[in-house]
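Peer 1: Quick one: the structure is below, and I'll ask about it shortly.
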Amino acid sequence: MPVRGAALPYATCPYCQTLILHDARGVEEVGKVAVLPFDVSPIQLGTVLRPGDQRLTVVGRVRWAWSGGSWNEWLAQADDGTPCWLGEAAGLYMLTVEAQQWLDLPELRDFVAGGPIAPGLAVQLGARRLVASDIKEVECLGSEGDLPLPTQVGTRMASIDFRGTEGEVLSLQRDGRGASAWFGASWDLAGLRATNLRAIAGWTLPKDLQ
Amino acid sequence: MTAARAITCPACGGTIEVRAAGFSVNLACVHCGSLLDVSRPEVVLIERHAEAARAYALPLGTRGVLYGDEWAVVGATLRSDGEASWQEFLLFNPYRGYRWLVLFEGDWQFGTPLTDRPQGDGVRIVWRGEGYAAVSDPTVTTNQAVAGEFYWRLAAGDTAQCTLFERGDEVLSRECTADEENWTHLVPLPGALIAEAFGPAPTQPGRRRSAPQGFSAAGAKPQRETGDRDDLVWMFGLATITAIVALFAMVLLAGPVSVVTGRIQVPVGSRTQPERIGTITVTRPYQFVTITADTDNFHNRWVDLDYSLVDRATQQSTDAYGLVEYYTGTDSDGAWSEGSHRTETMISRVPRGTYDVYVGAEAHGWPSDPVQTPDAWYGTETISVKIDARTGAMSWGMWVTLLLGLLAWPGLILWWRNREDD
């Protein structure tokens, strides 16, 4: 079983759905991961994204569910190893990179300590003002590929999105291991200049995405 | 095989395709109308129904090409704001995401969901550098029926606060529910294009379209039956006769003309109380009333006009709304201007009676009101608006629309044939 990124210590075996932790101490079996439900996402492991002058390769996916539905978070790695999350919902994409510095904002201290966030809470990130618009308790439905976090069935976390007026997003996550902050923007596939997309039976891959 | 997930309806046992598997959350069964939760691998019944989906203008699952991309109709909903009802269709392409088709009183619009939010107050907003003006106050819109699949928990009976903002024939629609605010950009789409993309409506017999012609080695032009060409002449002839008959009928129906004119002065930066312009009389059971507002030259100002026709006998008021706006400026492309100093508002189906015409107005500067300096000579800036209200108007717009509708099909066929012949 190939293990792609050393910074991504968790890998899902595509044959037996076992989640494996590999680090300096060796390789360890963590548990079982659920089979991902069928979906018609155009992204797959190996899809290449070129937002701006970057080049990112998709190496893993987690499917999260909340009371109102479920969605994919694809892990994309830049050529220098920087991890990015590509959130996929309703055919639109949110591409974010880690931005731990925003966890120091006074408005977010309570969240980092384990407290809740009220809908409508506004935070000022430099010149941008973002508002908490999406507050969810989420549960892992399954995973594939290489990931920085364990994704056994029943893994839970708090997921909060703050949005700006131009599609900017600050995404906060908190699980048993602590809180993390990710900042980015909204995209469509054409804007991401995605290639090596999944071929979906019955649909033609648009020319600009080939 | 198509990329759809097949499920079994837990209410009626029928097989249903989930066309946007992984994105769809709620699904109304095409067989029994029951509402299902399809967000998880296990399908859960939300609400049991026992009637099949009503007939929509576009059947679920139909595919068509619009703006160069193929779209599948995955959801349909019948909506109402209490006065009118219309159909909305959710389109899906796995590589492009979701779009909307709206069918309102025979007119089609194509909608794209926005990720960036327009800026401004409830009256005038700016999106990607362009100004849009509110057409109405927020109205409560109810989903009376739903069919097919949606990427959020849509159910019959759901309501949303909707506001429309216009700029020419482009519309921005804002929909607010308890916990979400969604914006959609809508552009008009000719009905002929919808018919071309999705095929004729299911109730009409399918018209044979000329099949794709293969290349012949000799380069000879493909043969065509002469019957087709005769059809085309007939179609043009029938369209012309219908248009002329409609014109006579409209003139006849428009009825006698009663006119009143007046002028109001609107200070910029404030609003005026409704002012009585005069009286008009509707002598037929129903007539059109047209109100035209004509203004002075001004730049970067907009005037909201509230019209009320108050029936003398019942004191019932029929309200309408007009907007005059004109903006100029320069950008990287040079000087630009948009808007007009004149606007025409048509009120349909005004019942027989004598009406007092009242006009209230509000004028503002763009992007902000001018600073008012007390000036003994000139006073505050005002915009003078000439109002003309008349009955017995002819809806030329309606006739032109009819004409376009009548000529669209034969015209399209003619163009298609010419293109084939080239």
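Placement of Cβ uses the backbone N, Cα and C atoms for every residue, glycine included.
TrEMBL: automatically predicted annotations, no manual curation.
Found this in TrEMBL, in case it helps:
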DOMAIN    B:60-183  domain 'DUF4178'
REGION    B:198-225  region 'Disordered'
TRANSMEM  B:232-254  transmembrane segment
TRANSMEM  B:396-416  transmembrane segment
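Looking at the shown structure, can you explain where the listed features end up?
Peer 2: Along the domain 'DUF4178' (B:60-183), the predicted structure has mean pLDDT 90.
Long-range contacts of the transmembrane segment (B:396-416) within the same chain: residues 190-192, 195-196, 210, 232, 235-236, 239, 242-243, 246-247, 250, 346, each at least 6 residues beyond the stretch ends and with a Cβ under 8 Å from a Cβ of the stretch.
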Peer 1: With DSSP, how much of the domain 'DUF4178' (B:60-183) is helix, how much strand and how much coil, in residues?
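Peer 2: For that range the per-state counts are 0 helix, 82 strand, 42 coil.
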